[in-house]
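Under the heading active site, proton donor, Swiss-Prot lists 70. Taken from Swiss-Prot, the feature substrate binding site applies to 71, 83, 84, 85, 86, 87, 118, 119, 120, 121, 122. Among the features that Swiss-Prot reports, region 'Disordered' is placed at 72-96.
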């Protein structure tokens, strides 16, 4: 796949723009739809900041829907290709049974307390680091954790956007 440039995205009509970047926020193309009107973007970083601002400016209900669109970490259910790849890069698709049970317990405890799944940018993180973060963040207040989860969603989106676009050095890498 040819990576996109900021110029490609600035020239895109709304439909093409949403097709191109609508998946960077998990199951939430509304972020791209609302951000499209902010064109032109000075850079890919500028686009990512505009998308993060769209999330920040959304209603709390819309933000909660965005958080709830994310799968539980380590879950063995259907999820987007992006989530599968990210979780696999951290080894969450290969948890031994005892650790899988620990993750399920942490996920359930977290979701029961906060009303949304634990969210962390896990790409290339270790299972131990992720588990420790889950254990630590369960003690947060709901308001602190809500903001932490939104921040993590923006990190995930930035990493996904980076995969879709031309690197800072301008080289056109080809991806299978």
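Each residue, glycine too, has its Cβ placed from N, Cα and C.
Everything Swiss-Prot records as a feature, shown here on the structure.
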residue	record	DSSP class
70	active site, proton donor	coil
84	substrate binding site	helix
118	substrate binding site	coil
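The least crowded of the binding-site residues 71, 118, 122, judged by other CB atoms within 10 A of its own CB, is 71.
Every protein chain considered, the tally of other Cβ atoms within 10 Å of the Cβ of residue 84 (substrate binding site) stands at 14. Separating the Cα atoms of residue 122 (substrate binding site) and the residue listed as 'active site, proton donor' is a whole-number distance of 13 Å.
Here the CA atom of residue 120 (substrate binding site) lies 10 Å from the CA atom of the residue listed as 'active site, proton donor'.
In this view, residue 120 (substrate binding site) is surrounded by 21 other Cβ atoms within 10 Å of its Cβ, with every protein chain counted. Close to residue 86 (substrate binding site) in the fold, though at least 6 residues off in sequence, lie 121, 122, 123, 156, 159, each with a CB less than 8 Å from its CB. Among the record's substrate binders, 71, 83, 84, 85, 86, 87, 118, 119, 120, 121, 122, no two C-alpha atoms are more than 17 Å apart, and one pair sits at exactly that spread.
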